[in-house]
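Structure first, commentary second.
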Amino acid sequence: MATLADIGVSAAINILTAFAFLLAFALLRIQPINDRIYFPKWYIIGGRTSPRRSTGNFVGKFVNLNFRTYLTFLSWMPQALRMTEAEIINHAGLDSAAFLRIYTLGLKIFVPVTVVALLVLIPVNVSSGTLFFLRKELVVNDIDKLSISNVPPKSIRFFVHIALEYLLTMWICFLLYKEYNNISMMRLNFFASQRRRVEQFTVVVRNVPHITGRSVSDSVDNFFQTNHPNHYIGHQAVYNANKYARLVRESDKLHNWLDYYQLKSERHPDKKLTIRTGFCGLWGRKVDAVEYYKHMIKELDKVLILERQKIIKDPKCILPVAFLSFNSRWGAAVCAQTQQSKNPTLWLTDWAPEPRDVYWRNLAIPFVSLSIRKLIISSLVFALVFFYMVPIALVQSLANLEGLERVAPFLRPVIELKFIKSFLQGFLPGLALKLFLHFLPAFLMLMSKVEGYIALSTLEWKTASKYYYFMLVNVFLGSIVTGTAFEQLHAFLHQSPTQIPRTIGVSIPMKATFFMTFIMVDGWAGIASEILRLKALVIYHLKNMFLVKTERDRGKAMDPGSVDYKETLPNLQLYFLLGIVYAVVSPILLPFILIFFAFAYLVYRHQIINVYNQQYESAAAFWPHVHGRIVASLIISQLLLLGLLSTKKAAKSTPLLVILPILTYAFHKYCQSRFEPAFRQYPLEEAMAKDLLEKTTEPDLNIKAYLADAYLHPIFQSFEIEEQELVEVRVDKQQTQAASPSPSEPNSPSLPCHHHSPSLPHHLDQPSASHDDYQQHSITQYNDYQTLTPGFFDHLPTPPHYGYQYQAEP
């Protein structure tokens, strides 16, 4: 078990690591060569150009020679706090603003709780002195004397802990209610104030029944023209084009290599460029590189045309799924939120994800297999959760060096060195646990994709839920149970069975030391590494040296990323759980959590403003999950305190806690009924008001033309890329092209790289986010989805008062 000295060593290591990361970031961010790494968001929205192009000094293109900027290298901190919440919503979206409000909610909860707990509970716990008499039976240290374990059984002091638990519950419920109300109002106002978006008029229908003699398209038209005659205006068929998508990705690679050799040939006309035709260019006969890639592209284009024609002509390639277009938001809301058929398994309608949020590959999954897939994945997740208990137990064994010495006695001379011992007990357990969990979110995301969800946002929420169960069972409960078993094994074997429950009850608060080390590794040093973007920095410069051939490549290498909700949300929920549980049990943990919330808020605010470019906008659809997890943390805290007091023989005070979980759950159900509908349905009143306003301000709007190609399938993109490619070559040759993001960069307002249809309206000329499906080649991202970035809507006739102006309560 880590001692106070071990915690001090761990704190010193993590503080120094975090400081080193922050110092490195502050210096690297002002270097011109790193500008695309630390400010990619501004490149994407067109608000920044490369400083390397504005200086004639060769050295100045790589190193900042303005020494005055080094004196203000910490200016990023006040700059990150300067932008208001409304400006963040207009700049990055409501999802980003709601995400930041989770951190402010944590600060609102734990700042007063920490003050009260440290001033009231710690004196009560320290003055009890029970562990002094149990030091021969239990492994204790100075930190444990600050916890509830130090209070003797049957003590009247437990009334103080119960009173604080009631105050904690009331305070958290008050803040949760207020925040839920704020977010729901922000969401509705966001829908009311934003500009027109195609998903507001679009519904996805699944499990279209097969009707003999009719195609899927005919069946869809007939059904919805009959049942929604005044609002339905058409649909977009969905095709199974997974093979086609792979061919398009291969075509992109060949075009990129052709760009590279054409540019190189223009710059060095006297040099003949050749390439070997064998594997990876390592062997085979030498041929002209430009002609070789032109020939390969020509042959692949033939294959693409044949594959596309096959898909269009083969009825089996048309999926029983379609995107329905309506002439009003009200009509779309009625269709999306009602049952369409007397058979509830047919004609299933729901709101369509925004085009860049669509996960196209899963549209090809038969609807009848979804339930089976979900059952299989749920079973696998359940098994995997408990399988992870084994490595968690091994990690916890590192917290007890006596056990490690018994397993490996030859390590005793090294382990007994004072600094090594403090390092192992105070730093290594938290680091090892962090490493065990590093690859888990990506694996869980793969499992969620197998389940068949058709929206990236839904995939992230489902993955976050799975990861939360891992954090709850393995990191929290697993650490407590395995830690207790290892540390108190000797006590279990040498005491009366009637004393075992008391030993477990006393030892649960003792895991606070382990969670302190985990918070310092994950919440301090880990957050500092997030702002440094070391991985992105290294990869960008490696790509620049070896892979970047064109400006489009340089834009791709920039990789701004986005908030990784599937990992950050469960981590946040774990910190809420630790803070709420240990607020009464061992309040010494609270300052560590406070530092995390404050530091993470500053870092993520900076990243959202300058770095992240979100793949989609869900209008804070994740908030019900956040609210539910915090309420669950409250109930877990109350049940654990109830069990802990029962081992303390506090018969008079314990019954007072029985009613608290029931009241908390009742509060949760009330909030669900009061606020959750705003996150699940679109009120018809709001839809009608928005439609009437739009008819008044834009009476000549042709909504059918606006929606015509909104959810255009990738197979309908033409091969009209030659002109754009030649333009890029000329511009790159003349070195006059302004620094700008890649056309295939997610959320970029640029034209698509390949297969752009010239007949498309201007507001549809934007590629979708790049994923492992056809999103790289789809035109399902549009400028009208950049509702929150300035200058993206100059072509739309929407009045200026549509800007987001709602001010939530602080």
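A Cβ is built for glycine as well, from the same backbone N, Cα and C atoms used for every other residue.
Looking at 34-54, 265-285, 790-810, the range tied to region 'Disordered' in TrEMBL is 790-810.
Ranked by the number of CB pairs under 8 Å to the transmembrane segment (574-602), the listed stretches 6-28, 155-177, 506-527 are led by 506-527. Tertiary neighbourhood of the transmembrane segment (155-177): same-chain residues 105, 108-109, 112-113, 116-117, 120-121, 124, 128, 148, 580, 583-584, 627, 630-631, 634, 637-638, 641, 645, 648, 650, 653-654, 656-657, 660, 663-664, 667, 671, selected by CB-CB distance under 8 Å and a gap of 6+ residues from either end. Mean predicted confidence for the domain 'CSC1/OSCA1-like 7TM region' (373-645): the pLDDT average there is 81.
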